[in-house]
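*Asks:* Annotated signal peptide per TrEMBL: 1-15, in sequence order. TrEMBL lists 38-156 with the feature domain 'Ig-like'. Positions annotated as domain 'Link' by TrEMBL: 160-255, 260-352. Per TrEMBL, the feature disulfide bond maps to Cys206-Cys227, Cys305-Cys326.
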Amino acid sequence: MKSLLFLVLISVCWAEPHPDNSSLEHERIIHIQAENGPRLLVVAEQAKILSHRGSNVTLPCKFYHEHTSTAGSGTHKIRVKWTKLTSDYLKEVDVFVAMGHHRKSYGNYQGRVFLRESSENDASLIITNIILEDYGRYKCEVIEGLEDDTAVVALNLEGVVFPYSPRLGRYNLNFHEAQQACLEQDSVIASFDQLYDAWRSGLDWCNAGWLSDGSVQYPITKPREPCGGKNTVPGVRNYGFWDKDKSRYDVFCFTSNFNGRFYYLIHPTKLTYDEAVQACMKDGAQIAKVGQIFAAWKLLGYDRCDAGWLADGSVRYPISRPRKRCSPNEAAVRFVGFPDKKHKLYGVYCFRAYN
């Protein structure tokens with residue numbers, strides 16, 4: 001009886017569904033480590049990859065057997081699955097899966113992701129036309145029969161973090177509105193790692209803002225009374241996690257390179273907001289967004305002492321070389337405010353996208 005039960009268990013563990021498209025998406029795998037024979041190892045040659053929006057990138061991943069020099073045993077088809085990890089690691093988002101000749105990509109990765117397959121043991125993932133939402137950690141999982149292993153690769157993007165609050169003033173955004181506000185300004189809500197890197201680069205901001213994991217934090221390089229107390233140490237202050245629907249704060253947004261030209265429009269007169277919008281359109285462009293002025297300032301060193309309208313109705317100007325009358329103490333995107341759109345007159349910053 002014991003022998004019969006053992007044989008039944010073995011047959012269940014080795015059963016594999018037919019590898020069609022539906023099995024790629026819904027197949028349930030029982031992960032069992034074989035005690036004998038070659039042990040599958042999955043390795044990422046680099047733990048972090050740095051890229052920028054609009055480029056192509058390869059996330060490295062290769063698989064080996066510990067006791068053989070071949071990539072696979074040849075007994076079972078190899079299944080490669082790439083997923084993206086959420087910030088709390090509690091959920092995975094499907095990116096790409098391959099088994100034999102079958103390939104399937106998911107969501108906004110469709111048509112943009114491929115296996116490199118430079119050798120029989122290469123499971124590296126190529127992502128084309130990088131978008132801001134691609135930032136994050138990715139898991140490469142390789143399954144062969146009863147064996148499987150994983151490796152994690154972080155995709156970081158060159159860019160800039162900036163604080164944002166709407167015309168209504170500070171602390172007026174719940175989490176979902178904060179996400180939308182960033183999207184409208186050519187950016188995405190920043191992660192903690194991105195805010196931390198920005199703080200290390202000198203970002204100092206006293207207003208608390210949402211981050212992508214649902215926490216509320218703010219970076220302080222110069223401790224002072226209104227910002228945690230002057231006797232505290234510099235750092236990223238953490239308010240913790242708050243109700244995403246009811247709690248209201250500012251937001252920290254992240255943007256990267258853009259595919260276009262950001263510029264101050266030379267115009268014979270100053271303009272109201274509506275006139276500024278029309279002037280950019282007449283020049284074959286659109287009025288620039290807040291994310292675009294920050295990207296031009298941080299990544300391209302754009303410097304202009306003229307205050308100009310932006311798409312959200314704010315007026316700002318970018319200073320890379322501090323000087324008298326133009327942000328004498330620091331390089332920054334200077335914020336003038338949200339003036340009356342119908343009566344106040346300023347210049348305008350435009351953005352012309354490349355085809």
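Using N, Cα and C of the backbone, Cβ positions are placed for all residues, glycine too.
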*Asks:* Radius 10 Å, atoms counted are CB only; among the disulfide-bonded residues Cys227, Cys305, Cys326, which position scores highest?
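*Replies:* Its Cβ has the most other Cβ atoms within 10 Å: Cys227.
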*Asks:* Looking only at the domain 'Link' (260-352), report the model's average pLDDT.
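*Replies:* That region's mean pLDDT is 97.
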*Asks:* In the domain 'Ig-like' (38-156), how many residues does DSSP call helix, how many strand, and how many coil?
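*Replies:* Output for the domain 'Ig-like' (38-156) reads 6 helix, 61 strand, 52 coil.
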*Asks:* Could you state the CA-to-CA distance between Cys227 (disulfide bond) and Cys326 (disulfide bond) to the nearest Å?
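*Replies:* Spelling it out, the Cα of Cys227 (disulfide bond) and the Cα of Cys326 (disulfide bond) are 26 Å apart.
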*Asks:* To the nearest whole angstrom, state the Cα distance for the pair Cys326 (disulfide bond) and Cys206 (disulfide bond).
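*Replies:* About 22 Å separates the two Cα atoms.
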*Asks:* Mind tallying the domain 'Link' (260-352) by DSSP state, helix then strand then coil?
*Replies:* 21 helix, 30 strand, 42 coil
*Asks:* Give the distance between the Cα atoms of Cys206 (disulfide bond) and Cys305 (disulfide bond), rounded to the nearest whole Å.
*Replies:* 25
